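TrEMBL annotations:
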TRANSMEM  6-24  transmembrane segment
TRANSMEM  63-82  transmembrane segment
TRANSMEM  88-107  transmembrane segment
TRANSMEM  169-190  transmembrane segment
TRANSMEM  197-214  transmembrane segment
TRANSMEM  249-271  transmembrane segment
TRANSMEM  283-302  transmembrane segment
TRANSMEM  308-330  transmembrane segment
TRANSMEM  337-354  transmembrane segment
Amino acid sequence: MEKIRWFWVWAIASLIFRVVFIYFPNDLIVGSRIEVATPLTSLRRLTEGYWLKQFSMSPYAGSMYHGSPLLLSLLGPLTVIGTNGQPSYLFCSLLFVVADFVTAVLIRETGRKLLIAYSQHLKSLNLVNFLENSDILPAGDIASLIYLWNPLTIVTCVGLSTSPIENLMVVLSLYGACSGLAPLAAFGWVTASHLSLYPSVLVIPVIFLLGYGPDSPPKKLYLQKTASSNRNNPVLGDHLFSWRPVIHFLLWATIWSLYLLFLCSISLQQYGGLPEMFKRTHGFILTVEDLSPNIGVLWYFFAEVFEFFRDFFLIVIHLNILFMILLLAIRLNHRPCFLAFVYIAIFSMLKSYPS
């Protein structure tokens, strides 16, 4: 009980810390910093796209906005309320604080489910000596607090960036998969892929989580246990892949994708429809059209490379992300959450507009 109270005290303190930063003077706003906001996540660019749409123009006109039209409809109205003729981002910032808090709670619950599953597998293998009892917080609580108190997370939350929404969708997908909730996992994965494209590779660890269940010891431990026993080990069957939740996930992913595309087509029916959206969002990500400086290296690389070789290097750089996916999936299929972490680390560093 003391651990739970200690966790919530620090979690609420992190929220208060964010709110205090939100109310700081305007000269402390970091939304214009390239380390925080990118052409895909900048709230100021989203405001520009929303005003273009209000004046019956395409939100993608002028090459300012390159995000989802649904995100534009969700956050755009919150930027209209302002003072002295200037837009106010207070309500959007508070929404990002809520998104960060929900993300942290989902991380905590995911960690709890992983710990329970791992403990059950070890007990079934009579490896109880590997279980540790500690007086410190559980791993899920620690991970949640690290997320809440990470300075980069705080700066992103208060720095007029839509990244907290993307983070929430990614963690929601992993939480749904760990909980065996295929509709929730599909919703998070489809939305995250729609917002920034790169999370689409997380479909592999999500399928492993649904098929194998949460993280478990390697399969060789089950085989060793069976070989050392005089009778068949009944727990070996628990490690077999189950296709039913995976098919359920793929069905729901198809439903959510069609529904999301339907909403986008309605939102952009006067401005080019879905082809225009794919060209200005996912096409913008893949072609690296904006060469303004950021913390990545692609902007500088493509500013220097000859135009004749541009398409070739675009293919090579994007394949560099896909090259390691299969090999990592083969090696870490029994640790799908860790596999998801590795995937996120890879595309966070190598994507075209990192922050």
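For all residues, glycine too, the Cβ spot is worked out from N, Cα and C.
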Result, the transmembrane segment (88-107) in contact with the transmembrane segment (249-271) (3+ CB pairs under 8 Å): no
Intrachain neighbours beyond the transmembrane segment (197-214), with Cβ under 8 angstroms and 6 or more residues off its ends: 113-114, 116-118, 166, 169-170, 173-174, 177-178, 180, 182, 185, 189, 238-239, 241-243, 245-246, 248-249, 253, 281-282, 285-286, 321-322, 325, 329, 333-334, 336-337, 339-340, 343-344, 347, 351
Touch test for the transmembrane segment (88-107) and the transmembrane segment (6-24), at least 3 Cβ pairs under 8 Å: yes
Range from 6-24, 169-190, 308-330, 337-354 with most C-beta pairs under 8 A to the transmembrane segment (283-302): 337-354
Selection from 63-82, 308-330, 337-354, the stretch that has most Cβ pairs under 8 A to the transmembrane segment (169-190): 337-354
Positions on the same chain near the transmembrane segment (6-24), where near means CB under 8 A and six or more residues out: 90, 93-94, 97, 100-101, 104, 108, 137, 141, 144-145, 148-149, 154, 157-158
Same-chain residue ranges lying at least 6 outside the transmembrane segment (308-330) that approach it to Cβ under 8 Å: 198, 201, 204-205, 208, 286-288, 298, 301-302, 339, 342-343, 346-347, 350-351
